[in-house]
Amino acid sequence: MESSLKIKDIPQNERPKEKLLTYGAESLSNSELLAIIIRTGTQGENVLQLCSRLLSELEGLNGILDASFDDIISIKGIKQGKASQILALAELFKRFRTLKAINNDIKITSPKDLASLLMGEMNELNQEVLKVVLLNTKNIVVGIKDVFKGSLNTSVVHPREIFKQAISKNSASIIICHNHPSGDPTPSREDINITLRIKECGNIIGIQLVDHIIIGNNKFVSLKERGLI
């Protein structure tokens with residue numbers, strides 16, 4: 001039966017590692033690429049089947065990037081070792097994405113510039129994530145950091161965590177950005193209150209909050225453009 005098919009029982013030219021060596025990494029599916037990282041399956045399920053189910057349960061690559069250790073380890077067949085491998089891979093991807101933005105000297109001249117930079121990543125996240133985008137005196141991105149995950153409110157969003165990142169990079173100004181998993185980027189009263197609190201703290205320490213961008217389903221709202229900050 002297919003459910004008990006082992007990798008060694010799959011024709012050699014169809015195995016992920018052999019396909020990569022023969023045709024290149026770009027020829028592999030997401031589950032095949034992940035299978036090369038994870039390497040082994042579980043009883044009654046080979047590594048390809050495990051990775052396919054993992055991607056399905058986490059709703060794709062965006063889900064993996066958004067997942068916590070507890071999210072991953074709750075999936076049948078995933079133990080600490082495999083969960084650690086997946087989290088390490090996700091973190092490397094996040095760091096590469098940030099380095100790419102920094103090395104390309106991306107300049108933010110409008111809310112659309114920032115939305116274009118982050119929308120692909122944040123569009124399909126399953127929970128709210130608040131990022132701080134760090135800018136130099138020329139409005140060029142020098143860093144992008146995740147600072148909070150989960151439902152955002154003034155009791156959990158601490159300005160010190162945001163400005164700690166800015167100070168460490170000698171940032172002249174910052175933009176904060178978060179997503180609404182509902183797909184509707186309309187700012188809530190809590191969103192506005194958080195923004196005003198961060199703006200006030202920035203004024204005190206001399207690091208300007210330029211804007212707060214909220215991303216929904218292929219659309220965004222700038223609180224600055226709406227006159228809310």
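Note that Cβ sites are derived from N, Cα and C of the backbone, with glycine treated the same way.
Summarising the annotation, Swiss-Prot assigns Zn(2+) binding site to His178, His180, Asp191 and lists sequence analysis as the type of evidence. Under the heading domain 'MPN', Swiss-Prot lists 107-229. The motif 'JAMM motif' feature in Swiss-Prot is assigned to 178-191.
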Helix, strand and coil counts within the motif 'JAMM motif' (178-191) (DSSP): 3 helix, 2 strand, 9 coil
Mean per-residue pLDDT computed across the domain 'MPN' (107-229): 92
Shell of the Zn(2+) site beyond His178, His180, Asp191, same chain only (C-beta within 8 angstroms of their C-beta centre): Glu128, Leu130, Leu152, Asn179, Pro185, Pro187, Ser188, Ile214, Ile215
Least buried by Cβ count (within 10 Å) of the binding-site residues His178, His180: His180
Asp191 (Zn(2+) binding site) CB neighbourhood, other CB atoms within 10 A: 23
